[in-house]
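Feature annotations, reproduced from TrEMBL:
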- R125, 148-151, 214-216, Q220, 267-270, R450, 461-462: substrate binding site (BINDING)
- E144, K305, 364-373, Y375, 398-401, E425, K452, D458: ATP binding site (BINDING)
- E144, N146, E368: Mg(2+) binding site (BINDING)
- 204-302: domain 'Glutathione synthase substrate-binding' (DOMAIN)
Amino acid sequence: MAAGWQDVLQDQAAVREAAAVAVDAALLAGVLMRTGEQPHTSDVVNYAPFTLLPSAVPRALFEQAYAVQQDFNLLVDAISQNKEFLQQTLASTIKVDDFTARLFRIYMQVLEEGLAQTVFLGINRSDYMFDCGLDGRAALRQIEINTIAASFGGLTSRTADVHRLVLKVLGKTEEASHLLPNNPAKGVALGIAKAWQLYGSQRAVVMFLVEEVQRNIFDQRCVENELWNRNIRVVRKRFRDVFEQGSLDASRRLYMDGQEVAVVYYREGYVPQVYDQQNWEARLLLERSRAVKCPDIATQLAGTKKVQQELSRPGMLEKLLPAHPEAVARIRATFAGLYSLDEGEEGDRIAATAIADPDRFVLKPQREGGGNNLYGEELREVLEKIKDSPERTSYILMDKIRPQPALNYLLRAHSPLKVSQCISELGIFGVYVRQGQELVLNEAAGHLLRTKAIEHADGGVAAGVAVLDTPYLV
C-alpha cells in the first residue's frame, strides 16, 4: 500500500465518513449490480462491491502489462487460425473433458463446411498478479487470458471517479489527481462497432448473447450505450431465443426474429452448465453463420488452460509468431511456470512433485468464470485420486504466485466495515479486428483491477469474492 494511506487506515471516524460518501458516489456513478434476491429485475439494485481506497500498483509492471497487450492480441489471433496447433494441443484434453470436446467438434464441423465469417473480432482480457520474489522485488506474472465474455469493462470505467472523490474527502487531493482515466467500455464498443461496419449492412444489429440470470446487466449496458450512441442497434438474446427464433439464409446470414445480425457478442457460453442439447444446437447455428462472432469458437479454444500451458514450452511462441521476435520476448517475460499433466514420464514426475509439495502450485481445470482452481490440501487430494487416470490431462499445473498483501476496506452491501489484508489482480483489455488476413485494429482498451481478502484463494467479482478497485501507480 502506498505510504500515504497509513494515516487514513488508523482514523476510524474518517474511514466511516469516507465509506458513506463512497457508497453514494458508486450509486450515483452507476457502479451497480442487480441483487441476488431479485436478479431478474432492475427495480431493486445495489452498488457493485469495491475497495474504499485505490490499491498501490508498481508503475513499471502496470506499463509492462499494457505494452504486451497488443502482442497477446496477435498471439490469440494467430492461434485461432492455426488448426494444426489446436488439434495437437487439445488432443489429450478432448478425450477426458466433454465440454472442450464438444466445442472442438463444432470447430471442426464449421471448418469442414467452410467458414462463412470473413471479419473476426477479439475482445480479451489478460490477467496478472505481482509475484513477490525472495529478493522482495515484484514481477508481472500472467494468470490467464480470457477470450470469451471478459467482464467488468463497463463498471470499472466508472470506478476511478468514485476513488477520486474518496481521496479528496480524505484530504488527498494531490493523490486524487494521479488516478488514471480508464474507459474499457468505450474501447470494447469501438471494436464491436468496427466489426459491425466491416460486416457491411447498415440495417443489421449487434446481438449480445446474455445469461438467463443477468445480475451484471449494468456492466453490459455501459458497452451497449456506447453502441447506441453510434446509432448501432443492439438486441439482447439468450441461447434459447437463438434456438427458437434464429435462422440462416442461403448465404448463411444470421436472422433473429427477421432482423439480420452483424455481430454476436458473447457474454455467456463459457461454462458447461449453460449448455443443454438445444443450446448446443443454437451454438452450432451461430458458428455456421456469416455473423462476426466475438469470440468465434476457435478463439474460445485459444483461451483454454491447456493452450496456455503449451505456449510456455520452449520454441512454441516462435512457431506461432515467427515474424515477431520482440513480441515473443515480451510475452514470455510474463509467464509463470506452467506444467503439463499429460500421460507419460513428464506428467508422472510433475504430479508426484505437486502431491509432495502442494503449496507450490495451483491446479487449473479447462474452465472460465472464476472459482474453479484448486490449492493446497484440496489440490493434493484431487491429484492423488486422478494421478493414474487419463482424467488428469483435463488439468494443468501452474506455479503459485505470491503477491505482497496490503490493507484495505472491501465495501459490500449489508456487510460490516472492517479492514482486510488484500491482494490484487490486474487485467488489461485487448481488442482486435481482422478482415480476411489483414489486422485492421489492434489495441489495449483499458484496465481492470480486482482485489480480494487473502483468505479467498480463488474467484472474481461475479463469483462474489473479489471487488472492483482502481490502481494507484507507485
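The backbone N, Cα and C atoms fix where each Cβ goes, glycine too.
When the CA atoms are compared, the binding-site residues lying within 10 A of N146 (Mg(2+) binding site) are R125, out of the candidates R125, Q220, Y375, K452. The number of other Cβ atoms within 10 Å of the Cβ belonging to N146 (Mg(2+) binding site), over all protein chains shown, comes to 22. For the binding-site residues R125, S151, R215, a Cα to Cα distance of within 10 angstroms from E144 (ATP binding site) holds for R125. Across the domain 'Glutathione synthase substrate-binding' (204-302), the DSSP tally of helix, strand and coil residues reads 41 helix, 26 strand, 32 coil. For the binding-site residues R125, R215, the greatest number of Cβ atoms within 10 Å around a candidate Cβ is found at R125. The 10 Å shell around the Cβ of S151 (substrate binding site) contains 20 further Cβ atoms across the protein chains shown. Here the binding-site residues are K400, K452, and the one ringed by the most other CB atoms within 10 angstroms is K452. Here the candidates are the binding-site residues P365, Y375, K400, K452, and by Cα distance the one nearest Y270 (substrate binding site) turns out to be P365. Cβ packing within 10 Å was compared across the binding-site residues Y270, Y375, and the lowest neighbour count falls to Y375.
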